[in-house]
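K.L.:
So that we are looking at the same thing, I have put the structure below in structure tokens.
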Amino acid sequence: MTPSLRVQVALPGPFWQPLSYLLPDDVANQATVDLQAWSQGWLGWRVAVPFRNQTKIAVVVGVNQDDGVDASKLKPLLHKLDDEPLFNAQDLAFLHWAASYYHEPLGEVVMAALPKRLRVGKPLSLPGVVTWQRSVLGQTVSVDQLSARAHKQRALWQAFCDDQAWSSSQLNAAFSQWQPLVKRWVEQGWLVVSEGACLAQKTLPASVRHSLNEEQAAAVAQVQASKGFRCFLLDGVTGSGKTEVYLALIEQVLAQGKQVLVLVPEIGLTPQTAARFEAYLQQPVVALHSGLNDQERHCAWQVMRRGEAQVMLGTRSALFTPFANLGLCILDEEHDLSFKQQDGFRYYARDLLIRRAQMLQIPVVLGSATPSMESLHNAQSGRFGYLRLSQRAANAQPPQLRLLDVRGDRLQEGLSNKALHQMREALAAGGQVLVFLNRRGFAPVLLCHSCGWQGSCSHCDANLTYHQASDSLKCHHCGFQQPKPKACPACGATQFVALGQGTERLEQFLTQQFPTHSILRIDRDTTRLKGSLAEKVGQARDGAADILIGTQMLAKGHHFPKLTLVVMLDLDQGLFSVDFRGAERMAQLLVQVAGRAGRASQPGRVLIQTHQPEHPTYQQLLREGYAGFAADTLRDRQLANLPPFGFQLLVRVEAVDSNQAVAFLEAIKDLLLAVPVSQPCEVWGPVTAPMAKRQNRWRYQLLLQAETRGSLQAWWQAVAADVYAHPLANRIRWSIDVDPQETS
DNA sequence: AAGAGTTAGACG
DNA sequence: GTCTAACTCTTC
């Protein structure tokens, strides 16, 4: 008797090996002797399977492997969902590798690579994008027939009068509250609804060409000269034109008929970025980011898989998209933390992208003005190609950094008189000023004036931040919010003191100080609505505001031509961070914010208000810039065997009962210490996480460190089975963070 | 993850 | 003894 044919499927859930299913009876009987060909009909296909008493959507990741499960225990799968596989063998190999490197169930990884619509079983083919257009009747209606006072209505109708079809996302980008009007006009017969192709026909912006300077051309030539896989670090100061290098490279790869994937940080993807790419390349660029709805994501995914578009510009999750014919990967702002997924499947998009390029044997380019120590080390050791752009475009001067020693000075709302004076001068000279403060809200602490009670979050080990706009207390870690108490919960007194500065308070103070100047605050609170960040950044760029107040969301990518002075407040805290990467992060932030200034004709100045003017980190940064700082930092890291000279794995635990959390980690530690290891491996902890309690759970962690990725993986692999079998493993929340970025 | 199965505790 | 809430276990 022949053994029954079976397939292995990945489905979401904590399944450490794929589940096996038998084939449906009618299919099994047809199975030919050609197993190779037969497996092609299953591998990577989407199937519906019975699971418990429900039906689940899964992806076939293995064929006829003997997993030792008795055939009598298996159920037959129900059916295929599509006429073709969604993933090819290369895609699957990559997903397998990601799952094993990050110790994530394969099903979760496969689902991360699928748009939601496909995860829940929607058909692969897209219904097309709904658009609205003027009807024959509508063409007889001119704007003048609408009420003269209905400005919004007139503007919207004018848009349709150009006889262009508008999709909901296009309307969303240009208008607010258009739905009721469009609905009414459809009912009146002025507009007709139609369904177009999934990739809406965009009109391309006018062609913009540029020439490369010597450095840029050399960088492009080096990448082009590489064969197969090679990773390059493009280390270019702000304003040195990294994008021009990307575009030249992309153009070459497109000419070979291959596709390109460009990854950017979460908030770095603006319509302007995509438009700039389209203007140069003269072909549609497919964007993939959190602002899209399910159907748009599905469309983007499908268009790349089908090879109907050549360029994708996306945030970290775009790296899982199956491409028809990928020829080049680019990752911009390489140092940016948003490439690390911090919850659920904790992957690092930078590292996965490199691995993917390696598996496909294609080049990958990482760009940054402030590269991570990991990438710099790889570049210096020759693992990566090292490309440098040291000149700013159009002879723009680099910003000059100055420390503003405020020791002993009287500070008003955190600002020194010297800083205010400099701001006045810069404004008087017609410049724009940015005040950088990386803390939103009004004040980080609210204190009772009579008893000292302070608002702290009942779910977390953190203070509540006072927000004046909503007159409430908010926890910035779990989202908890309560109205500001009328009276102190402890003593009943009604007077409170707001301690410390946030951007809200700074805005209030600067409004008093500069009554004749316009002020624009850009932080998460003022940009909550969709599209409002782009809108505010646009205002800032056009010079609509004299004074900008911003948190770190303003540090990324944007440039403000009229900006001549940047004042940075409260950077000092980065000097004393518990995390060994604290100084690196601070230096990156400083250099990135400084890079916002003086990109046009006027040189920019950056003032760093500090109580630690002699601190070596500042001194090093001022004297030798980021490169000098990086050299020092790498030396320190090497002495301490810290990344990039060592590799880390963090076991994180969250439990309502802190004893269980510690007991579980102690058990893991005992297991680890019992493993005979050939190379130096260390384990630290358990210790409490940076925030000991969050959302009512106590958080502890255990840090593993080893000299190589391989020995670290082997060490964990040796105990993994025992850890998963531990009685506490199923009773508390825990996760593994490979290459953690926040370890303190 | 999440539903079914299992056990322990509350009640009278 | 029953009823219910918490806890465990399994999933092809």
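We number each residue from 1, going along the chain as drawn.
In case you wondered, yes, glycine gets a Cβ from its N, Cα and C as well.
Under the heading Zn(2+) 1 binding site, TrEMBL lists A:Cys448, A:Cys451, A:Cys488, A:Cys491. Taken from TrEMBL, the feature Zn(2+) 2 binding site applies to A:Cys457, A:Cys460, A:Cys475, A:Cys478. The domain 'Helicase ATP-binding' feature in TrEMBL is assigned to A:223-389. The domain 'Helicase C-terminal' annotation in TrEMBL covers A:479-650.
Just tell me what is around each of these and how deep it sits.
P.N.:
For A:Cys488 (Zn(2+) 1 binding site), other Cβ atoms within 10 Å of its Cβ number 21.
Neighbour count (other Cβ atoms within 10 Å of the Cβ, all protein chains): 25 for A:Cys457 (Zn(2+) 2 binding site). Under the DSSP three-state reduction, A:Cys457 (Zn(2+) 2 binding site) is assigned to coil, being neither helix nor strand.
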K.L.:
So what sits near A:Cys475 (Zn(2+) 2 binding site) in its own chain, CB-to-CB under 8 Å and at least six residues off in sequence?
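P.N.:
Within the chain, A:Cys475 (Zn(2+) 2 binding site) has Cβ neighbours under 8 Å at A:Cys457, A:His459, A:Cys460, A:Ala462, A:Leu464, A:Thr465, A:Gln481.
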K.L.:
Let me make sure I understand the structure: which of the binding-site residues listed (A:Cys460, A:Cys491) has the fewest other Cβ atoms within 10 A of its Cβ?
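P.N.:
Result for the binding-site residues A:Cys460, A:Cys491: minimum number of other Cβ atoms within 10 Å at A:Cys491.
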K.L.:
Would you please pick out, from the binding-site residues A:Cys448, A:Cys451, A:Cys478, the one with the fewest other Cβ atoms within 10 Å of its Cβ?
P.N.:
A:Cys451
K.L.:
Per DSSP, to which secondary structure element type does A:Cys448 (Zn(2+) 1 binding site) belong, with helix, strand and coil as the options?
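P.N.:
In the DSSP reduction, A:Cys448 (Zn(2+) 1 binding site) maps to strand.
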K.L.:
Cβ within 8 angstroms of the Cβ centroid of A:Cys457, A:Cys460, A:Cys475, A:Cys478: which residues besides those meet this for the Zn(2+) 2 site?
P.N.:
A:Ser458, A:His459, A:Ala462, A:Leu464, A:His476, A:His477, A:Gly479, A:Phe480, A:Arg694, A:Gln695
